[in-house]
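Asks: First the structure, which I've put down as structure tokens, then a few questions once you've had a look.
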DNA sequence: AGCCCGTTACA
DNA sequence: GTAACGGGC
């Protein structure tokens, strides 16, 4: 639409999970428009619904981003309520010419954004959504037949040779409006309320903000990337970039990571290609989420609706508490409580154990990850759980059941990881193992001196039971 | 991005 | 005896 608003009418920049200055197409476009800018973060119902750890972590990101904006002579206005109502009030208060944001790809976010865009356009103001969260818009990657990809490897082949937009540089200054609209105080939002005791423990393991994210990227590419292909599988080793936490809040853009990874590959750094492939796994998850949004809540393959998953149950509660008696499983579950993240190897093992050995619905596990992960991502969590359960695309066949003991021998041969997180296995437990008891709810009444529990189910018996349930459904 | 068991090849 | 490999789950 033609821009007929007065020249000094500001633009509202609606920030969501894009809390950065660099590699930010929306911000670059808004700065180029030359108008005063009113950055806003809205605690809307969709954001309120985040899991405890994700919401707490997002709050830290918002605080850091507000400081970043302040250093540029701008501000981050905080408002709470349904997004459309908040934006309409801000439009009235500022006389803004329009609202810009970076696109969301999850079903709830998309539904919200579609309604907001329609309503704003009906008011006669600009409503512009921009790319930025992904390397490529999901609808632009197509198979030869014009469909979407269901299998990772062809997706990777389609994506690896594509040009990725060069990241726009960060703006040096942001033009302030003549006056600032009122802002809530972040502390009043209590975004960490649901974390209870856990926040104090997990706080020691986060790296918040754009500068911290870039530091992680550069540290990784200047060393650990060389061993990434093998070290990434060892949970006792810090062999990964750990950027998932920053990516999910948008404190770093995927295009920045892509170009840095490509440079490392050109420089002949071993592991760089494997690293790029992991970034493309994230991209693939969003591709699937866009084309099959039911992946978040329903079996991706509907024939799995007949499978007799157990709903939530006492075994699943033991799993949540890191008390299955299976050391690799419990170490990983406790790692999540202590650090807010879980090593990828651990995620595959605990998901296999819950869905196969404990025959429990993958949605029970996915819901727990929603609540506990500071790096929670709607696309990756859904794809990962369905991959593990066997109900997803490009999924492991059902019979691919992880054996936690075999996995431990292969990937944690000296038990460093298991002992790091399970106090009961050491006479002198280390700080991470003890921190678990400080992080969990007091109502669990856990104590590091208690005996480590016997396994919930034998590994062979659990495997046989899962295979039997599967073949009963297929005969 | 698995596991397990049977077979085979070779020390 | 044990490592490597393949097929079926």
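The backbone N, Cα and C atoms fix where each Cβ goes, glycine too.
Heads up, here are the entries from TrEMBL:
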type: DOMAIN; residues: A:9-135; note: domain 'Photolyase/cryptochrome alpha/beta'
type: BINDING; residues: A:228, A:240, A:241, A:242, A:243, A:244, A:275, A:375, A:376, A:377; note: FAD binding site
type: SITE; residues: A:309; note: site 'Electron transfer via tryptophanyl radical'
type: SITE; residues: A:362; note: site 'Electron transfer via tryptophanyl radical'
type: SITE; residues: A:385; note: site 'Electron transfer via tryptophanyl radical'
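Describe each of these features in terms of where it is and what it packs against.
Replies: Computed over the domain 'Photolyase/cryptochrome alpha/beta' (A:9-135), the whole-number mean pLDDT of the model equals 98.
Around the Cβ of residue A:243 (FAD binding site), the same chain contributes A:213, A:216, A:217, A:220, A:252, A:257, each under 8 angstroms and 6 or more positions distant in sequence.
Around the Cβ of residue A:309 (site 'Electron transfer via tryptophanyl radical'), the same chain contributes A:355, A:359, A:360, A:361, A:362, each under 8 angstroms and 6 or more positions distant in sequence.
Residue A:362 (site 'Electron transfer via tryptophanyl radical') has a Cβ environment of 23 other Cβ atoms inside 10 Å. The secondary structure of residue A:362 (site 'Electron transfer via tryptophanyl radical'), as reduced to three states from DSSP, is helical.
DSSP classifies residue A:385 (site 'Electron transfer via tryptophanyl radical') as helix under the three-state reduction.
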Asks: If one measures from the C-alpha of residue A:385 (site 'Electron transfer via tryptophanyl radical') to the C-alpha of residue A:376 (FAD binding site), what distance in angstrom results, rounded to a whole number?
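Replies: Just about 12 Å between their Cα atoms.
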Asks: Which three-state DSSP class does residue A:275 (FAD binding site) fall into?
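Replies: Residue A:275 (FAD binding site) sits in a helix per DSSP.
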Asks: For the domain 'Photolyase/cryptochrome alpha/beta' (A:9-135), DSSP counts of helix, strand and coil?
Replies: 61 helix, 26 strand, 40 coil
Asks: For residue A:376 (FAD binding site), write down the residues of its own chain that are at least 6 apart in sequence and whose Cβ falls under 8 Å from its Cβ; none is a fine answer.
Replies: A:50, A:51, A:53, A:54, A:248, A:369, A:370
Asks: Tally every other Cβ atom lying within 10 Å of the Cβ atom of residue A:228 (FAD binding site).
Replies: 24
